[in-house]
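First comes the structure, then the notes that go with it.
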Amino acid sequence: MTPELSIAFEGLATIDAWALSAIGVKALGYAMAFLAVGGALFLAVFPEIPPDTARKVRLVTAAASLAALIDLALRVGIRAARISGMGLEGMIDLRMVQIVWESPLGTAAFVEALGLILVLLVLVRGTVAGAATLVGATLVAVAFTEVGHSLGDNRAFLAALLTLHILTGAFWVGSFYPLFEVAGEPEGHRILYRFGQVAMGTVAILALAGLGFAWIAVGTITGLTQTAYGVTLLAKIVFVAMLLGLAALNKLFFVPALRTGEPGAARLLKRSIAFEAALVLVIFVATATLTSVTTPPMNLD
């Protein structure tokens, strides 16, 4: 028997080994999908990055797309195992897999897989391939609206908020690797400065869309403090606030220091970007927990 964890918060599902597996695989899927989408968006917005850096970003983006495709298959299998109660046998039981495939998760997996395949065209140069890559990135973002807590009242509005949240968040996540690379380049400060200008708008959209979605899902202070969803959301908000603080340090201190050629500026900036990436991984785990084992207050009644 797998030991179960019981916590006195409303809206918390049973947490067993399969639930933990679902959280882990989903968090990894978020990371890979965001990296793939974000890489495609970054290349479109910053075509002026050094050719060698652009080549590396294309490879990382394609690798993330492939990893996300594999992760999708694992998510479907784990979902089949969870709903069947059959464990490993349920993962490969064709009847259970078909049930999952015909559920919202199956629809989301199909849309996301199509998007990820299109994102692989990032390896191909040209206007048509570039446009197809952006279509793929958008499809991946839309796929997130087919599952989770956007399936409820105000669906169209919630889906729009979530799509904006995903695209802007992915752009930020996809920027970590190229910005880390250009931080050591002689003219890297120019790209970093322009990113800071662009990020002001994207971060505002990211925050407003996220807060709007959260408020609709939670609705009350009680829902925020006395439900599993609300408490997990609070933890996520704390980590997001830390992430925004690091981004502000980069824009206000580290990038200007790099621009003026201060010793050690590139090292400090790279370290800050690495910390940002680590915080994002924690946020992905919190988000995977929200959508795997908790129910938002709006769906509890």
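These residue numbers are counts, starting from 1, taken along the chain as shown.
Using the three backbone atoms N, Cα and C, a Cβ is placed for every residue, glycine included.
Per TrEMBL, the features are:
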| type | residues | note |
| --- | --- | --- |
| TRANSMEM | 27-47 | transmembrane segment |
| TRANSMEM | 59-78 | transmembrane segment |
| TRANSMEM | 105-124 | transmembrane segment |
| TRANSMEM | 131-151 | transmembrane segment |
| TRANSMEM | 157-180 | transmembrane segment |
| DOMAIN | 190-290 | domain 'Copper resistance protein D' |
| TRANSMEM | 192-216 | transmembrane segment |
| TRANSMEM | 228-253 | transmembrane segment |
| TRANSMEM | 273-293 | transmembrane segment |
Contact set, same chain, for the transmembrane segment (59-78): CB under 8 Å, 6 or more residues outside the stretch: 18, 21-22, 25-26, 28-29, 32-33, 35-36, 39-40, 43, 91-92, 97, 100-101, 105-106, 109, 112-113, 116-117, 119-120, 122-123, 140, 174, 177
Most Cβ pairs under 8 Å with the transmembrane segment (157-180), selected from 131-151, 192-216, 273-293: 192-216
Residue numbers, six or more beyond the limits of the transmembrane segment (192-216), whose CB comes under 8 Å of its CB atoms: 45-46, 150, 154, 157-158, 161-162, 164-165, 168-169, 171-172, 175, 179, 182-183, 233, 237, 240, 244, 247, 250-251, 255, 258-259, 269, 298
Cβ contacts under 8 Å made by the transmembrane segment (228-253) with residues that lie 6+ beyond its boundaries: 7, 9-12, 192, 196, 199, 203, 207, 210, 214, 217-218, 269, 272-273, 275-276, 279-280, 282-283, 286-287, 289-290, 293-297
Number of helical, extended and coil residues in the domain 'Copper resistance protein D' (190-290), per DSSP: 92 helix, 1 strand, 8 coil
Model confidence over the domain 'Copper resistance protein D' (190-290) (mean pLDDT, whole number): 88
